[in-house]
Every structure is written in C-alpha cells, then in structure tokens.
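The NADP(+) binding site annotation in Swiss-Prot covers ARG49, ASP92, PHE93, LYS145 and rests on sequence analysis. Annotation source Swiss-Prot lists substrate binding site at HIS175, LYS179, GLU213, ASP232, LYS337, LYS342. Per Swiss-Prot, the feature active site, proton acceptor maps to HIS237.
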Amino acid sequence: MPDVRVLPCTLALFGALGDLALRKLFPALYQLDRENLLHRDTRVLALARDEGAPAEHLATLEQRLRLAVPAKEWDDVVWQRFRERLDYLSMDFLDPQAYVGLREAVDDELPLVAYFATPASVFGGICENLAAAGLAERTRVVLEKPIGHDLESSREVNEAVARFFPESRIYRIDHYLGKETVQNLIALRFANSLFETQWNQNHISHVEITVAEKVGIEGRWGYFDQAGQLRDMVQNHLLQLLCLIAMDPPSDLSADSIRDEKVKVLRALEPIPAEQLASRVVRGQYTAGFSDGKAVPGYLEEEHANRDSDAETFVALRVDIRNWRWSGVPFYLRTGKRMPQKLSQIVIHFKEPPHYIFAPEQRSLISNRLIIRLQPDEGISLQVMTKDQGLGKGMQLRTGPLQLSFSETYHAARIPDAYERLLLEVTQGNQYLFVRKDEVEFAWKWCDQLIAGWERLSEAPKPYPAGSWGPVASVALVARDGRSWYGDF
C-alpha cells in the first residue's frame, strides 16, 4: 500500500451518461480535484452513445453533479478547473471506427485508464477495439461488477479481457474495498498484537457480517430479478469482507500478497450441499410493508415485476472455513433489501473467560465484542466488561464500549466515498484494493453450488414484510446454535 502519489493520466469513462457515472464516478472525480488529488495534466473523456452537442451533455453532467455534491462542498473554482479537464465524445463502443476519434483525443504521453461503466457483455468488444486502435499497451482497464452471473460466464468475461490485457493492468471494482473502515481492517488486525494474537478459534466464538439495505430494487428490476441477492451482494461484497476478516497475515502489503491470502480463504470455504440448505441458509423475498412510516410495495408488486418471480431479496447463511485458524467458528452472513435501516457492520464475538467467578445471572454479559461499522458512522467499538459504579452495586458487571468514530476522532470534515479512493488508486496504478481473477472465480464456484441446490429443491423464498429484519427463519438460523443476531433489532 504505497503512499499517495499524484500522477497524470487520461481517464476514458465508457458509459459516462449512465446512472453509476453520474451518481458516483463524476462526484468522486470532482472531490479528488477538490482535494488536489488529480494531477494538473489529468484529463477526463466522457464517452457515451448519445449524440448531440458535447456542451449540452456536459451541462447535464454539471446539473447532476450539483445535485450529487453537498452544497457546502461545492466550489465554483473547483468546478471550472474540473470542467477544463472534461471532454465529451459520442461513440458506439462496439464500432472499431469510433476508436479513431478516441485515439486522436488521447494524449500519447500519458497512461490511459479505461473505466467500463457498462454491461459486462461489451467488455470484450471494447478491449478488442482498444487494442485494434493501438491503445492497449499503455491502458489500465477498470471492470465494474457484476462480472458474469456464474462461474462459466465470469470466465468468459475474464478471458475476453485477458486476450488483450495482462492481469497486472486489470482492475476489478468492488466498491466495498474502498470504504475507509474496510481498509482499516488491515491496520486493525496486523498492526495491533492485542487483536491478532486473539484472532483465531481459540478466542473467537463466532463472527457476524450484516449488510442491510433500506431501499428496494430502485428501478433495477431487469437486472436484479435475474441475479437475486446472493449474486448481487454475497458473491462479491460479503465474501470480500469475510476474506479480510479471516485471512492469514500477508507477507507484505503488496497487492498480490494480500490477494493470495484472500484466495486461501475462498478455497477453504466449506460447501453447503442441498440437504443442508434448510439448516444453514435462509432465502427471503420482501412483501408489502412500511419504511419510515410510509407504505411500500412488496417485491412482486414493484413496477415491471414478474408476479411469479422467486428471486431472493434476502439471504442469511452460516459459513464454515476449513482451516486451523477458524475450525469450529461459524461466520453468519446476512444481507437484504427493505430492511429497517441502512447498516453494514461486522461483529466479532469473543469467547468467555475460561473460568467464571461472577454471579451466575451475569454470565450472559461475559463476552467481548468487536463491532466494526462500515456504514453509517464508520468506526470501531470494543465492548468490554467493567464494574458498575456505586457503593451499593457490589461486583455488578456492565458492558462498556471503547469507541473509535473516524469522523469524531480524526476531526474529519467528511469521510471520502469509496469510489474516490478506488479512482485515486487506479490513476496511480495501485491494485491492492481491486479483485484478482481467481478471487472472482473461487467466489462464483462457491455460490454456484448454493444456487444449484436451490434449483434442485425448487423452494420459494420465505416472505418477510418490508421494514423488518427478514424472515423469522433467519433468527432460527443462529438460534439453532444458541446465538442471536447482535443489536436491538
């Protein structure tokens, strides 16, 4: 993980008028410029199929950018500087002749970053056309998820890109890896002997990873109904978080050292055969309910819905890792849409002390928890046992938190968005926050066996009302092991 070096490049953004680019990528680039983290010679080429005057499209971009950037962070001077970097080029990404104009617009002296904010089905065609235009040799390509919908299709996508680009110049995005708290997992684990010496099956009882979304499918029906929550969230985000929690110490902080250790975790994931799905996995689909006191439709009532869809909008599962460090330690993963709140957190539950000396009725209190909040209010909290204060309390125990809120502790005016970090790293040529080909494929291989089991059983997802924490069966999933999900849910 090298220090930040601000190096120049040309950033070609394919799909520049799409939702991702307008909602996330351009605001992130604006913020980097605001923080003086874009080199003065860096240029941004906005590429899309839409014809018309470039000035009109750039005016639309400015309007969307003003909506996306908080008013207190908008600076007309920064915008003018950013605007001077921008050019718009209308092109058909699959037409080789369109790349003549791109070739003329690119600075021959600078590296080219080609960001594919497009469907994966056109990745290969874009790569082929970049190569035919003589641009491949100095280009880094950035691939947005989803990379395929199963192992076979992900291999097809990866192989199509690999025909023209080596792995060292392929950057696969998982935006969770750009979150400040996720990056802090590396420092937390490997810079503090307090934790790393306890980070194993001798001291940890179990681990929870929750990624809850308050929204529904938000107009993504066409994509989501073909994917479902397992493909959309577990295959990438949750398994990446699991890897960072479970991996062994890397030999150094280079990209491949970190990714080698993550792959070892993915290889060690215990398969879940079809006959164990009922006891180890819960699928759910939200029905009509309430969010913030307002009535919201069920999944099958959403606009353009297929009324017979059995796509899951919720998944909870118990994952076991077959290695010495984690043998006997279950990892409980949970993710869903239309939850009561937007929440991403990891909870490490430590074991009780080996000998119990306090009052029996207090035994349920005697365990430490490390709570890693990814959103909202990014930070870390360690729950420890202390004596309750007061002369008449005796040796009455209570739980007390040791808090580390990033925004408060470091007096940060704002916590950078994940895409800001990821765009910065790719412009500097750093791969440590990006996903390697074998990570993608081992994650798909593990998820594919779950999907095959579901298809074999042909069971419908369990209903849960919007605004709840999922099907009742997800409570039973952990209760079966004598546990409960952390928090006042």
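Every residue gets a Cβ built from N, Cα and C, even glycine.
Shown are the binding-site residues ASP92, GLU213, ASP232; the one with the most C-beta atoms within 10 angstroms of its own C-beta is ASP232.
Ranking the binding-site residues LYS145, HIS175, LYS179, LYS337, LYS342 by other CB atoms within 10 A of the CB puts LYS342 at the bottom. Max Cα-Cα distance over the annotated substrate binders (HIS175, LYS179, GLU213, ASP232, LYS337, LYS342) is 20 Å.
Per Cα geometry, LYS145 is the residue among the binding-site residues ARG49, ASP92, PHE93, LYS145 nearest to LYS342 (substrate binding site). Listed in sequence order, ASP174, TYR176, VAL211, THR335 are the same-chain residues six or more apart from the residue listed as 'active site, proton acceptor' with CB atoms under 8 A from its CB. All chains included, 14 other C-beta atoms sit within 10 angstroms of the C-beta of ARG49 (NADP(+) binding site).
Only LYS145, from the binding-site residues ARG49, PHE93, LYS145, place their Cα within 10 Å of the Cα belonging to ASP232 (substrate binding site). Under a cutoff of 8 A between CB atoms, and with a sequence separation of 6+ in the same chain, the neighbours of PHE93 (NADP(+) binding site) are PHE14, LEU47, ARG49, THR118, VAL122, GLY125, ILE126, ASN129.
Taking every pair among ARG49, ASP92, PHE93, LYS145, the residues listed as contacting NADP(+), the largest Cα to Cα separation comes to 21 Å.
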